Amino acid sequence: MNQLIQELECRHSTAIPIIYSLLSSFFFALTALTIKLVPNVPPTQVLYVRSLFTIMMLKWIAKDKIDSYPQKQINKLQWRGLCGGLGTVGWFWAVRLIQSSEVIVLSKISPLWTALIAAYITKTDKLTLKLIIIILFCIIGVILIARPPFLLMALGQDVNQNTEYDIHMLGVILALSSSITQSIVQVIISHLAKSVHQIAILQYFSFYTIILPMLFELYNQSQLIFPSQQEWVFLLLNSASGGLAQFFMNRCFILGKLNKMSLVGQSQVLFSYFFDIVVLNESINSLSIIGSILVCGCLISVIL
């Protein structure tokens, strides 16, 4: 079976990474949907169950022995796991706090962070005037999604800074933080692509997404919620979709070009809006839609 898949990947070296990226986008959007469908279960507990499931699934998939790696590669795997774990914890909480379509749009601005990292940290690229303009438009899009009081006042809308507004802003901040860690993860995966087995990358990531939620729950002294039968179905669906999303994301970045895969990955926004409107029957704020269009347009400009 593995040999057949490898032959297909070699034979269709352009189409297969795109298909993997589309599948990853669909399963990421489905993961966000299932978090919404279990409102009584804390997001960290949802993530803990998903990570345990992923570990077991990887054990079943990885029938071949995975070789050990030099310390340099182990360090990169650790950083991939830590950054990915922190970003995923923030992403899960953000999905619970605000609309999943908003979370996905905000978390997809990682190419802009990658460009800034290349310009100021790794010094591998320059910050051009075009990129500065794109970043400014992206900031405007983020502001429209966040809907701060000064924007609402300028538009003549009532401003009521209550708990609901604070929750919305916290969700926006967590989603933006997740996008920063995602840009770091993409760079690390591209460096590990040719030297580390894909399953090993997922194993390190899953390990950290088990440890970090446990530490968070212990710190908050949260009470363990035992899910109902229906909630267990959604938790298992979340686990399967989350594991598959990570699997296809890693595979598409290993086989395809980073900029092209990031471009195809914007389809995740469309999947998330579909789930929000059709499945959850949520009304989408017009400012959020305009902001999403601005952000996605900026991302496409950066990637192209």
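Sequential numbering from 1, following the chain as shown.
Cβ atoms are placed via backbone N, Cα and C, with glycine included.
The domain 'EamA' annotation in TrEMBL covers 17-146 (among others).
Taken from TrEMBL, the feature domain 'EamA' applies to 170-299 (among others). For the domain 'EamA' (170-299), the number of residues in each DSSP class (helix H, G, I; strand E, B; coil) is 107 helix, 0 strand, 23 coil.
The feature transmembrane segment is assigned by TrEMBL to 12-33 (among others).
Taken from TrEMBL, the feature transmembrane segment covers 45-62 (among others).
Residues of the same chain lying 6 or more positions beyond the ends of the transmembrane segment (104-122) and with a Cβ under 8 Å from any Cβ of it are 28-29, 32, 91, 94, 131, 134-135, 138, 141-142, 145, 172, 175-176, 178-180, 182-184, 186-187, 259, 262, 265-266, 268-269, 272, 291-292, 295-296, 298-299, 302-303. What TrEMBL lists as transmembrane segment is 104-122 (among others).
Residues annotated as transmembrane segment in TrEMBL: 129-147 (among others). Sequence-distant contacts of the transmembrane segment (129-147) (same chain, six or more residues past either end, CB-CB distance under 8 Å): 102, 105-106, 109, 112, 115-116, 119, 168-169, 172, 176, 285, 287-288, 290-295, 297-299, 301-302.
Taken from TrEMBL, the feature transmembrane segment covers 167-189 (among others).
Outside the transmembrane segment (201-220), and at least 6 residues removed from its termini, the chain residues within Cβ reach (under 8 Å) are 42, 44-45, 47-48, 50-52, 54-55, 58, 66, 77-78, 80-82, 84-86, 88-89, 189, 192, 243, 246-247, 250. The feature transmembrane segment is assigned by TrEMBL to 201-220 (among others).
Annotated transmembrane segment per TrEMBL: 232-249 (among others), in sequence order.
Sequence-distant neighbours of the transmembrane segment (286-303) (same chain, 6+ residues past either end, Cβ-Cβ under 8 Å): 99, 101-102, 105-106, 108-109, 111-112, 115, 130-131, 134-135, 137-138, 140-145, 147, 151, 259-260, 262-263, 266, 269, 273. Taken from TrEMBL, the feature transmembrane segment applies to 286-303 (among others).
In this chain, the transmembrane segment (12-33) lies apart from the transmembrane segment (167-189): fewer than three C-beta pairs between them fall below 8 angstroms, excluding pairs fewer than 6 positions apart. Sequence-distant neighbours of the transmembrane segment (232-249) (same chain, 6+ residues past either end, Cβ-Cβ under 8 Å): 20-21, 23-24, 27-28, 30-31, 34-35, 37-38, 41, 46, 49-50, 52-54, 57-58, 198, 202, 205, 265. DSSP places the residues of the domain 'EamA' (17-146) in helix, strand and coil in these numbers: 103 helix, 0 strand, 27 coil.
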